[in-house]
Amino acid sequence: MEVSNMTTVTVFILLGLSNNPQVQALLFVLFLVIYLLTLLGNLLMVLVISTDSHLCTPMYFFLRQLSFLDAFYSSIIVPKLLENLLSKGETISFLECFTQISLVIFSGATEACLLSVMAYDRFQAMCHPLLYVVIINRRVCAGLVGASWAIGMGTGLINTLLLAQQHFCGPNVIHSFACELPPVLLLTCSDPCASIVSILTTMSVLGLGTLVLLLGSYSCIIMTALRINSATGRSKIFSTCSSHFLVVTIFYTSGVLRYMIPASGSALEQVLSVQYSVITPLLNPLIYSLKSQEVKVALRRMLARKSRLPL
């Protein structure tokens, strides 16, 4: 059959997580609570960092960007999931699906870059403390964040444009609760070689590159900490970096497991998608707020200021 005679798909069908109405109602409540907590945690982190002068440091500048990105990423996936659970509708338009794919790739690539930037920031702070203020100045911070967002935007745009060149003519059922690149690529009727090469290039260059930068930064930090004779000094270094290291571990572990497993619509794949898309953005602000004494103190200061305001 020639491509010109094929029927073009205009909508996709998302299989979702369950067809049972009772389970759907339970999932709706669960994901709504998680989504609201995700927005609350991340936007509260943005507000605290933006309004507290004690947190005007490069580390918290980068953390504010990460918190905003997590709130944005969660808003790409969860609202459509809630809409489908509530309305029992499972369709998503071609344009809406590809927009979601583009934004998901953009967010993931940007977060990988931001996490590497944050590791580099900690490396400079721990290994070159006397030059830290000179090296990581305001202009450098803005440039690193701008480069992270630009790389993410370019990665999302390139992968989505290559996917849009594919022809979708037959099955339109996506074995997932959201439009993601691997399951959508299975539905193409044309040769997906260009998209596959693009995905592999993204994973090897961006994924591996940022991971190498992360591991290199933390290796230097650990070696610096081990050379310190003071147990208090070592403890302070590990305490400062532990939150970021935990966030990095969760992000890369869930991301690698999600995208290295072939798309099949299995229960494991669905669980990994939920963990990567829904749970991870919720965990990040919790990890930083629970493990950072500075954030806790800043939050208490903000609440104290609010309580003193006249009614």
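A Cβ is built for glycine as well, from the same backbone N, Cα and C atoms used for every other residue.
Topology check against Swiss-Prot: VAL23 and MET126 carry distinct topological domain names and occupy opposite sides of the membrane.
Secondary structure from DSSP puts CYS97 (disulfide bond) in a helix. Summed and averaged per residue, pLDDT over the topological domain 'Extracellular' (87-97) gives 81.
CYS179 (disulfide bond) falls outside any helix or strand according to DSSP and counts as coil.
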